[in-house]
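K.L.:
One structure follows; several queries about it will come next.
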Amino acid sequence: MFSIDILLNAVVTGILLGSVYASLALGLGITFGILHIPNIAHPTLVVAGAFFVYTLTQWELDPIVAALIGLVPFYILGVALYLFYSSVFERRGGANVLQSLTLFFGLSLVVEILLVLGFGSELKSVSAPYIGSSLKLGLLTIPYRLLIPALLGPAMIAAVWLYLSRTNSGTAIRAVAHEERALSIAGLNPASVKRHAFGIATATAVVAGAALIMVGPVEPFAGRYQIGRVFAIVVLAGMGSIPGSLVIAIAIGIAEALVASYLNPSWSPGVAFAVLLLGLASRPQGLFGAAR
Amino acid sequence: MSDIVLSMKGVEKVFGAFRALGPVDLDLRAGERLGIIGPNGSGKTTLINCITGVYRPDKGSVHFEGRDISHIEAHRRARLGISRSFQIPRPFTGMTVLENLLVPLDYCHVDGSREERARSVLSSVGLAGRVSDPSESLSQLELRKLELARALVGNPKVLIADEAMAGLSEEEIDEVLAILLALNRSGVAVIMIEHIMHAVMRFSERIVCFETGRLIASGTSTEIAENPLVQKVYFGE
Amino acid sequence: MSRNSALFLIGVAVVVALGFLMPWVLKNPFYFFAGYVVLQYVTIATGWNILGGYAGYINFGAAGFFGAGVYLSAFLFTTFGLPLPLCILAAAVFGAILGVLMGYLTLRIQGVYFAIATLGLVVVLETIVHNISALGGASGMAVYGPRPPSWSPGPSQYNFTVMLVIAAVSVALARFVEISWIGRGLRAVRASEDAAECSGVPTLRLKLLACALSGAVLAAAGAPYPFYTSFVEPVTAFSLIIGLNAIAMPLIGGTKSWAGPVLGALLLASVQQIATVTISSELNILFVGLVLIAFVAFAPGGIADLFGRRQGRARS
């Protein structure tokens, strides 16, 4: 039963899948990890991004180009979401975590149903010249529909990470969660910094959506199967640690691919959740973040 | 010594690479009035979190009435008789003032009726007229009083008052001080953590000063006021 | 027992007695078929609120507990021929264990992680059911329910009466929790976990107790479902609308008291039962989702609070 090429292919597939998962989790890493806003609607926004990309590819556009076009409307969508969120909770003097969770839960359902009403509940996929063929390297067979998204994800993560660590407005985003007062003293408006951060987080959803729909067909409720994964990644990486999230995502990807190859593919949705529960029970502060 | 009610030996607390506290040795005598001062971030709050059980110390031990309590849970320490008020009042919202006091009374033994006990404590802090009002409707001073009433309703042996007077006017400070003094006269040891210097000085029999997680000075009000290390912390060189 | 408790119990007894008598007065079985769903949601909303409302810990996985109850009951009935009351009891015990397990793994940290973990619960349980052939896997299994006893005119009426008893017991349990030291401790946890702990409240144990009771009621709500539909499949047993309604109904009715979830469930479930005739299930979810957002955003205290506030204003 055991053969080296199955193992090797499983590990490589896992690494590639993990890179895609990391891009799905990036937006949540910003909203939940840095801003501490529990945006459980993020996976649904990724699915909405996938449908946006699907729509544009109907006009013979490349999915990656479609995703780049989507950055602006999704940034604006994110800003609008944050404005709604903050107007609801600021009137009450600060957000209650449980109420914001409920708000985003309701929001994700509304987005899902709007997608069903707009596109139907069937699976949708995209086509591009490179989707369908594979790269063969010795024992390895890597389909391009997995390789291209797997490269897209880390590229976007690197770009966002450089932005957050090297630019002034990026530093302001990292500072806003901890030092809101210091930020106002420095002449920056914390609300506008958060709005901007939420916009960026939502913009990543369209790129992640492109990656998702390139890997395989997507249906409106696909976000639900990603929730366990993205939260496992963000929480276990240590809230807000973006490089850490890439490592955890790849680890989860490998675990899922091994389960799929050696056990049964139908078990893999449970893997991330099991990892999350075990991680929470043993190391609540995450593997890469500083201890609280 | 047998009259030591609370004793800390070599207590340390570290967060990541940051040593928030210690090592600290500190004893509290039964019925003592101890003041704890020090700038923000000097480890005062970490210290009381180690005493009340919100944190477990990384090193060292906390003994209460001769018993090692370093590893027991916060609610058990509360039942043993270590009680605290919070710097920012944390009333049980959604409950009346009376119900706020019934919460700790559900978990401790009192002679007679619980409700009578709660009412008598409320009138001793001057909240008799507010018994059945929702806790959300209280003023800042009344919230401070509720905080103290809730802390002392279960007959604690040690009460830790964490900045119980912050933001109050002079008359209100006098009122809170009177409550704490009356409580102390009934035999309860009080640890007062406070930035309002004249209040700590008036209240405490002994004052200790913390700086960057360490105990740097200990003595009476006058000794502390004249201590060069304390002066350096508060007034610079 | 206080006067209020006596009145409450008399009220419950009257409602249950009416439930037993009604099938002999009202002849159309459709009312009982629709009424079953309303009562099922009364139970679900009540169970959810024990943890979500009193302690303030949001459970997004109500459908997981419900579905677990559905499948356990269907399995025990078809395999061992266990009588219905025992199936319900077994489902409740299983739900309690599931609740404690979830709580133990996540509650020691923060409420937000508990909520996130419950989001994944449904996916995992669905995955497990998909992989167990004894439960019919993805294609589901047929369940031929017990023959209704002689005191009930037909299966719809019988199921209705069974669900009514479960709902009545659940509401009584929720009210007991609410007015006892358990509810007081949970409300203290909700207001301030640290202050509760420092007042001597064993917060973790109390939360686990709430998880167990809430899980038991949610799973019990699912236990008669296989006999109601005669067929169980993962998609309906773990349905999205159950998880959504479990949150929306208490939030709309008001989470502070047992009456809130009952009110919210009666309102929302009746609207949904009337609406299913005219609108699709998608529009149903959309409607509930929008109502939920509106209440979280503009009336976080629910209908009970809106009403109470108006009364308060009239008094002052």
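Cβ atoms here come from the backbone N, Cα and C positions, even for glycine.
So TrEMBL lists these for the protein:
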TRANSMEM  C:7-25  transmembrane segment
TRANSMEM  C:31-51  transmembrane segment
TRANSMEM  C:58-77  transmembrane segment
TRANSMEM  C:83-105  transmembrane segment
TRANSMEM  C:112-138  transmembrane segment
TRANSMEM  C:158-177  transmembrane segment
TRANSMEM  C:208-228  transmembrane segment
TRANSMEM  C:234-252  transmembrane segment
TRANSMEM  C:259-279  transmembrane segment
TRANSMEM  C:285-307  transmembrane segment
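Mind mapping these onto the model and telling me what they sit next to?
P.N.:
Here the transmembrane segment (C:7-25) has Cβ contacts under 8 Å with residues 1, 32, 151-154, 157, 160-161, 164-165, 168, 171-172, 175 of the same chain, all six or more residues outside its ends.
Residues 22-23, 57, 59, 62, 65-66, 99, 156-157, 159-160, 163-164, 166-167, 170-171, 173-174, 177, 207, 210-211, 213-218, 220-221, 225, 228, 242, 245-247, 249-250, 253, 255, 258, 260-262, 264-266, 268-270, 272-273 of the same chain sit 6 or more residues outside the transmembrane segment (C:31-51) yet have a Cβ under 8 Å from a Cβ within it.
Here the transmembrane segment (C:158-177) has Cβ contacts under 8 Å with residues 8-9, 12, 15-16, 19-20, 23, 32-33, 35-36, 39-40, 42-43, 46-47, 49-50, 54, 84, 88, 145, 148-149, 152, 183, 186, 210, 213, 217, 220-221, 223-224, 227-228, 258, 261-262 of the same chain, all six or more residues outside its ends.
Residues 36, 40, 43-44, 46-52, 54-55, 57, 59, 62, 65-70, 72-74, 77, 84, 87-88, 90-100, 102-104, 107, 143, 145-146, 155, 159, 162-163, 166, 170, 173-174, 177, 182, 186, 237, 246 of the same chain, all 6+ positions outside the transmembrane segment (C:208-228), place their C-beta atoms under 8 angstroms from a C-beta of that stretch.
Sequence-distant contacts of the transmembrane segment (C:259-279) (same chain, six or more residues past either end, CB-CB distance under 8 Å): 34, 37-38, 40-42, 44-46, 48-49, 53, 171, 174, 245, 248-253, 287-288, 291, 302-304.
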K.L.:
Do the transmembrane segment (C:58-77) and the transmembrane segment (C:285-307) come together with 3 or more C-beta pairs under 8 Å, pairs six or more apart in sequence?
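P.N.:
Between the transmembrane segment (C:58-77) and the transmembrane segment (C:285-307), contact is absent.
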K.L.:
Please report, as numbers and ranges, the same-chain residues at least 6 past the borders of the transmembrane segment (C:234-252) whose CB is under 8 Å from any CB of it.
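P.N.:
That would be 41, 44-45, 47-49, 52-53, 58-64, 66-67, 70-71, 122, 125-126, 129-130, 138, 140, 218, 222, 225, 260-261, 264-265, 267-269, 272, 281, 284-285, 288-289, 291-292, 295-296, 300, 302-303.
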